[in-house]
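Summarising the annotation, Swiss-Prot assigns substrate binding site to Thr50, Asn115, Ser192. Residues or ranges marked as site 'Important for catalytic activity' by Swiss-Prot on the basis of similarity to another entry: Tyr108.
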Amino acid sequence: MALPSVTALQVENVAFPPTLIKPPASANTLFLGGAGERGLHIQDKFVKFTAIGIYLQDTAVPSLAVKWKGKPVDELTESVQFFRDIVTGPFEKFMQVTMILPLTGQQYSEKVSENCVAIWKHLGIYTDEEGKAIDKFVSVFKDQTFPPGSSILFTVLPKGSLAISFSKDGSIPEVESAVIDNKLLSEAVLESMIGAHGVSPAAKQSLASRLSELFKHHAEV
């Protein structure tokens, strides 16, 4: 099917192109579903740490439109189930996390791990297998440092693998740095960004707004 026609997005000084050809571990071209910053309020000031871009396989639009076309953007933005359907849907996803402020690999992986474990415990699905996957996830980041402008890249494959890659200069590498075969981890990394307690409300708003428009066009086909 034809790739949805979407625009590029800019978050701070990070540009996310409208399409991504064959990200690491994938043979597909993905489109930019949405983007936004992750930040925290520190002493009455909103400090932005990372810019997050979320790309989706073209089949995401018909897959999600069945249930969600015709719903207003604010309803999609507030719907936990809508984002859960993106997280668990049978299509590839790619997340680019680009640093606005510097972070170490340890800082990043520990925070993401915490969020993933919290999600699993809330859903009642935390097992030894997930514990091992988290250990591997943390070890992949152990020796990494991320100055401003560098990126962490995740490819989520529908069969349950999470490919992790790194870029220091904004380019997308052809080959992944590591693959972790754990479906719940691959889903939880994305859920930690856009789920019920996701770290980027701006990315959620962007996804809801852009996908809502794409659903309208899909309905006309």
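Using N, Cα and C of the backbone, Cβ positions are placed for all residues, glycine too.
A straight line from the CA of Ser192 (substrate binding site) to the CA of Tyr108 (site 'Important for catalytic activity') spans 12 Å.
Residues Thr50, Asn115, Ser192, recorded as contacting substrate, have a largest CA-CA distance of 16 Å. Highest Cβ count within 10 Å among the binding-site residues Thr50, Asn115, Ser192: Thr50. Counting every protein chain shown, 20 other Cβ atoms lie within 10 Å of the Cβ of Tyr108 (site 'Important for catalytic activity'). Compute the center of the Cβ atoms of Thr50, Asn115, Ser192, which mark the site for substrate; besides them, the chain residues with Cβ within 8 Å of that center are Arg38, Lys111, Val112, Val189, Met193, Gly198, Val199, Ser200. DSSP classifies Thr50 (substrate binding site) as strand under the three-state reduction. DSSP assigns Ser192 (substrate binding site) to a helix.
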